[in-house]
Amino acid sequence: MKKAVILVSGGADSATVLAIAREMGYEIHAMSFNYGQRNNAELRKVKELIKEYNVKQHKIVYIDLRAFGGSALTDNNIDVPHYHDVNELPEDVPVTYVPARNTIFLSYALGYAEVIGAKDIFIGVHTSDSANYPDCRPEYIKSFEEMANLATNIGNRITIHTPLIDMAKEQIIKTGLELGVDYKNTISCYDPTEDDLSCGNCLACMIRLDAFKKNNVQDPINYV
C-alpha cells in the first residue's frame, strides 16, 4: 500500500482531503500543527476526526509562529474581523493570513515523507481561497513541488496532491458528504469560544455556513 502524508488541521477542507486519500487507498500518515494558533479547538477536533479513519500514524508538530506574529491567528493584539453577510467578506489578503504557514507545513510534511518513504503529500488548498491566501495558488504548489524534488533524497518524485484545488467551498462540502465525512468533528472558526463554539461571523464561519446552506444541509457543529 502506498504511503501518503496528509496535512490535517481539524477544519472541513482537510477532513475532506483525508476522506479522499482514504478512498484512493493510501496508507495514511496524518500531520497536524500546534503553532500557537488562537484556535486550539482545531487540535481537539482533529483527534476525534482521525478516529474515523484507518490512520497509520498521527504526528502533532509543535512550533511557535507567535514568535513573529503578523496574523490575527497568532497575535492576540490583532482582532479577528467579524461580518454580517458573505457579501462583506474581503477580496484581498485578510489579517487572518499567517505568513508562510503553508510553506512551513509542507516543509515538515516533506521531511516526514522522506523519513517514512512516502512519495505523496496531500494538502487541502483550493483556488477559491487564493485571492485571500497567496499560498493556496496552484502556481505556488507547483513551485513547492519542484523545490521538493530538488531538495530530498527519496529518489522518486514527490507529488503534492491538491484534490480540492478547483472546487468551490460548497463543492468541497458536497464531496465530503458523499464520502461520509462527519463534519461534526471539524471546526473552521477563527475565533471560537473557550468551550469550542464557533462564532458564526468570522470569514471562515461565514464561508462554511454558506457552503452548507448551498447543499441544503445543516452544519452539524454548534455556534454561539
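Positions of Cβ are set from backbone N, Cα and C atoms, glycine also.
What Swiss-Prot records for this protein:
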type: BINDING; residues: Val8, Ser9, Gly10, Gly11, Ala12, Asp13, Ser14, Ala15, Thr16, Val17, Leu18; note: ATP binding site
type: BINDING; residues: Cys189, Cys199, Cys202, Cys205; note: Zn(2+) binding site
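Cys202 (Zn(2+) binding site) and Ala12 (ATP binding site) have their C-alpha atoms 15 Å apart, to the nearest angstrom. Listed binding-site residues: Val8, Leu18, Cys199, Cys205. The one with the lowest count of other Cβ atoms within 10 Å of its Cβ is Cys199. Its Cβ placed at the centre, Gly10 (ATP binding site) has 24 other Cβ atoms within 10 Å.
Ser14 (ATP binding site) and Cys189 (Zn(2+) binding site) are 14 Å apart (CA-CA, integer value). For the pair Val8 (ATP binding site) and Cys205 (Zn(2+) binding site), the Cα-Cα distance reads 18 Å. With a cut-off of 8 Å between CB atoms and residues at least 6 apart in sequence, the same chain places Ile172, Ile173, Gly176, Val181, Tyr183, Thr186, Ser188, Arg208, Ala211 near Ala12 (ATP binding site), listed in sequence order. For the Zn(2+) site, the Cβ centre of Cys189, Cys199, Cys202, Cys205 serves as reference, and the other residues of the chain with Cβ at most 8 Å from it are Val80, His82, Ser188, Tyr190, Asp191, Pro192, Ser198, Gly200, Asn201, Leu203, Ala204, Met206, Tyr223.
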